[in-house]
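J.: I have a structure here, written as structure tokens, and I will follow up with some questions on it.
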Amino acid sequence: ADCRYTCHQECRSLIQLDCRRPGQGQGQLSPESTLLPPCSQNVTQPVEEEKPQPLTTQEIKQKIEKYNAKVTNCLLMKLNDDGTYTGFIKVHLKLRRPVTVPAGIRPQSIYDALKEVNLAEMTDKRTSFYLPLDAIKQLHISSTTTVSEVIQGLLKKFMVVDNPQKFALFKEMRRDGQVLFQKLPLTEYPLHLRLLAGPDTDVLSFVLKENETGEVEWDAFSIPELQNFLMILDKEEKDKIQQVQRKYEKFKQRLQQTLKEARGKPG
């Protein structure tokens with residue numbers, strides 16, 4: 001009635017009001033006086049998605065056949081005898097921060113991949129650089145491959161030695177002309193999501209981004225990484241200052257030119 005604060009009844013225990021009634025001295029509003037009935041029409045509440053029931057082997061077989069019928073390339077899904085299946089997913093890398101890689105080693109060869117040779121362990125030297133924005137990596141995975149394993153596999157392919165906890169896999173969806181991102185839990189199975197959505201990447205695609213938790217976990221970074229971040233931020237700050245200075249220098253020149261041309265003219 002006074003501060004116009006409203007909340008749902010189930011949120012009552014989370015509310016701590018400190019507004020005071022006019023002329024009531026130290027009187028304090030009670031949460032009971034500002035309750036709304038649950039699911040009020042003028043408040044949007046997040047809707048929890050119901051978890052789908054596990055598919056039977058026959059349902060998986062039918063969906064794979066339907067999926068493969070829509071595939072325009074040779075990236076088909078294959079059903080195994082034990083009920084699992086394999087297929088391909090494409091992951092867009094949209095990393096805006098530099099990654100840490102081993103310094104001074106040769107690129108990974110096919111022999112290294114087959115023998116599972118980890119070149120990153122051959123040197124202690126490290127360097128940081130930016131991966132190409134929106135690079136695409138194709139992975140062949142199983143229906144039992146989790147999001148956590150996909151992230152680790154991507155980092156291994158690019159020889160990135162950063163902590164996997166710094167990264168997160170998102171699913172990108174397009175609805176009503178809008179692009180929506182949803183962070184996937186580490187235990188989710190990307191190939192299952194690909195099967196349900198079909199092969200069209202406009203309906204569903206996967207994106208690797210920084211794990212934005214709202215607060216940076218600085219303990220996950222090493223001292224050299226932090227020093228590199230400081231150098232990059234310092235460079236970006238200097239570049240920004242120069243851009244602002246050039247902008248106003250041009251504005252000053254145009255203003256002086258306008259004043260010069262206006263001298264001697266009436267008005």
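Using the three backbone atoms N, Cα and C, a Cβ is placed for every residue, glycine included.
Pulled these features from TrEMBL for this protein:
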- 22-53: region 'Disordered' (REGION)
- 27-45: compositional bias 'Polar residues' (COMPBIAS)
- 127-213: domain 'Ras-associating' (DOMAIN)
- 215-262: domain 'SARAH' (DOMAIN)
- 234-261: coiled coil (COILED)
J.: What are the DSSP helix/strand/coil residue counts across the domain 'SARAH' (215-262)?
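T.: In the domain 'SARAH' (215-262), the DSSP-based counts are 43 helix, 0 strand, 5 coil.
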J.: Counting by DSSP, what is the helix, strand and coil composition of the domain 'Ras-associating' (127-213)?
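T.: Per DSSP, the residues of the domain 'Ras-associating' (127-213) fall into 22 helix, 33 strand, 32 coil.
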J.: Quick one: mean pLDDT on the domain 'SARAH' (215-262)?
T.: 83
